[in-house]
Amino acid sequence: MESVALLQRPSQAPSASALASESARPLADGLIKSPKPLMKKQAVKRHHHKHNLRHRYEFLETLGKGTYGKVKKARESSGRLVAIKSIRKDKIKDEQDLLHIRREIEIMSSLNHPHIIAIHEVGRSRLVTVFENSSKIVIVMEYASRGDLYDYISERPRLSERDARHFFRQIVSALHYCHQNGIVHRDLKLENILLDANGNIKIADFGLSNLYHKGKFLQTFCGSPLYASPEIVNGKPYVGPEVDSWSLGVLLYILVHGTMPFDGQDHKTLVKQISNGAYREPPKPSDACGLIRWLLMVNPTRRATLEDVASHWWVNWGYTTGVGEQEALREGGHPSGDFGRASMADWLRRSSRPLLENGAKVCSFFKQHVPGGGSTVPGLERQHSLKKSRKENDMAQNLQGDPAEDTSSRPGKSSLKLPKGILKKKSSTSSGEVQEDPQELRPVPDTPGQPVPAVSLLPRKGILKKSRQRESGYYSSPEPSESGELLDASDVFVSGDPVEQKSPQASGLLLHRKGILKLNGKFSRTALEGTTPSTFGSLDQLASSHPAARPSRPSGAVSEDSILSSESFDQLDLPERLPETPLRGCVSVDNLRGLEQPPSEGLKRWWQESLGDSCFSLTDCQEVTAAYRQALGICSKLS
C-alpha cells in the first residue's frame, strides 16, 4: 500500500519566492502525488486492489453536468442513495486544474458539519470514497434528494420569515464552521445550497474554496457576479471571510424578499450598484433589514462578520440557543442554555444598529431570555437607544480610509453617515403604513431636482435562470472552458496592505490583471494552451509537457454511460476526520476556471469591443457573460 502524507504547515510563513517555486513545481504523479494544500496532517492512500463501479453501484439519472464531467445519482448495494461525480482527465487542461481538484477533495473530506455536503463514508471506518484510474477521477458524495434552494424558492410565492430564518441559521452555522477552520467558500449562491430529505441545508461545491490567513490578502476574483462583493467586482485584494459575508447578505435578502438586491441590466450598472451598496429597497420592509444592511456594507471593515451574524437577535429569535452556542455544543463545549447577561451585553455592543430599528422586539427578546426579565437589569429598555457599537463609533475614520466609498463632504450633512447608496426607508403615509410603490425601488439621488429613473417592477423570481440551463449544485461553479472567459485568476497571498494599482496611461503600457474578467493574459486559457498539456495520462504519471494533439472525435462522442464502464479504479482513502483539530492554512493556488458558453451568432463577444483605457475591470465589459444573460433573460420576459 502506498501512502503519501501531507506536509505540516511550517511555524513561519514561507517567503514569496518559496511560494512561487513551490507552485511552479512540475506535476508528474497524478492526483496521488499532486501538490497539496497545507492542511492538517493526514494521508492519501492507494489500495492495490481494484474496484469495478458497475458492480458496486447502480447508476440512475444524471443530476448535473460540468466542463470536467457529470454527476450521477446512484444506489449502492445497501440501498443508500449517493451522488457520484466523475471528472474526465482529458478535460483537465493544466497543472493548476488538477491542483484545484485536489484541494476541493481534501477540503470537503476534512469538513465535518451537518449542513455541509459530505464525501461518502464507508461503514464506520470513515474512509473517503474517491476513485481514480488512468482516465477518470470519481468522487462519491452525499445525496441531497430535495434539490437546491433555487428550485425550492421558485416553487413558492414567498418564504415566511420563520422559514427564511430556519434556512439562514443553518447556512450561517455551516459557514461559521468553515471560517473557524480557516476556510472561505467564495461561491455562495442558491444553486450551491442543497436540501436533504428532511429539508435541511447542505452547502455544496467547494470548487472555489480556499484557506486564508489573517493579515494576508487573496487576489482571486471569482464567483457569480450577482453575489460578488465590492472587493471582487473592483479587483481589490481581500482576506476572505468578508466576501462570504457579502454573499450571505445577498442570500438573506433573497430568502426574505424573494428577489435579488442588485438588478443591473448590464455589467456596468451592476458593478456601480454593488460598489455603492445601492440595493433595491423592498416595498415591505422586514425585521431583517438591519442585518441585511450590515452584511451589505461596502466597507469590508464595517461589514458584519460571521460571529456578528451568529449572535444577531434576528437570527436567534425564537430559539433558546444561539448559532454560536450550537457550534460550541457540537464541539463538546458547555455553554449556557440561554443568553446570559455577559453574552447579551456583548451582543448589544455589536448589534446597536439593528437594535435602534427594532427596539420593541429586542426588549421583549431580552425579557424572554434573561432570568428575571427587565426587573433584574434596570434601564436596559432604553439602553439600546443610547449605546453605539465600536463599528459605528469608528464610522467616520473608516469612511475616510476606505477607497470603495464616497467620502466627499457635502454641505449640511454630518461626517457620520451611512455609506453611499445605502437606501433609506420610504416615507410613510398618513395612516402610518409604508407606501408600496413598485416604481420607487431605486436609490433617491443626492442632487436635488435630479429625476429618479423609472424602473419596471421585476418579478419576484426574476433572478432565477431557466431550469434546463442550470447546473446542479454539485457542479455549479464556473469551470475551465476554451472560450477564454475567466471568472477567476490566480490566488496570491500579499502580506500587509495591498498595493494600490495605478490606472493605465494612454501610452499603451501593458495592463495587469484587475477585476473579474481578463483578456488573454498570462493566466488566461488561451495563453496556457500553447505551454501546457491538453490531456493527462495515467494515474501515476501525467502526459508529457509538450502540447498534445486534440482527439479526433469530439467530447460529445463519449458515451453517456462511460462512468459505467468495466474499467478498474484505484480507491483513494483519507483517514478519519478530526473535528477537534483546527485546519491548517495553506498556500493558495491558481483558480483557472472559466464560464463555458457556446459562441452565439450575431452577438459580439466582449473582448471584441474596444477596451480603451480600461484596466480589464468588470466595468469595461460591454457585453454580459452567459451566466448573467441567462439570469436576466427570464427577468426581462416576465416583466
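For all residues, glycine too, the Cβ spot is worked out from N, Cα and C.
Among the features that Swiss-Prot reports, N-acetylmethionine is placed at M1.
Annotated region 'Disordered' per Swiss-Prot: 1-21 (among others), in sequence order.
The compositional bias 'Low complexity' annotation in Swiss-Prot covers 7-21 (among others).
Feature annotation from Swiss-Prot assigns domain 'Protein kinase' to 57-315.
According to Swiss-Prot, the feature ATP binding site maps to L63, G64, K65, G66, T67, Y68, G69, K70, V71, K85, an assignment based on similarity to another entry. For G69 (ATP binding site), the Cβ neighbour count at a 10 Å cut-off comes to 22, with all displayed protein chains included. G69 (ATP binding site) falls within a strand when secondary structure is assigned with DSSP.
What Swiss-Prot records for D187 is active site, proton acceptor.
The annotation phosphothreonine is assigned in Swiss-Prot to T220 on the grounds of similarity to another entry. Taking the Cβ of T220 (phosphothreonine) as centre and 10 Å as the limit, one finds 24 other Cβ atoms among all the protein chains shown.
Annotated region 'Disordered' per Swiss-Prot: 372-485 (among others), in sequence order.
Taken from Swiss-Prot, the feature compositional bias 'Low complexity' applies to 472-484 (among others).
Per Swiss-Prot, compositional bias 'Polar residues' is recorded for 529-542.
Residues or ranges marked as region 'Disordered' by Swiss-Prot: 529-575 (among others).
Annotated phosphoserine per Swiss-Prot: S538 (among others), in sequence order.
Look at Swiss-Prot and you will find 543-557 (among others) tagged as compositional bias 'Low complexity'.
If you look up Swiss-Prot, you'll see S559 (among others) marked as phosphoserine, on the strength of similarity to another entry.
As annotated by Swiss-Prot, phosphoserine applies to S562 (among others), with the evidence given as similarity to another entry.
If you look up Swiss-Prot, you'll see S588 (among others) marked as phosphoserine.
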When pLDDT is averaged across the domain 'Protein kinase' (57-315), the result is 87
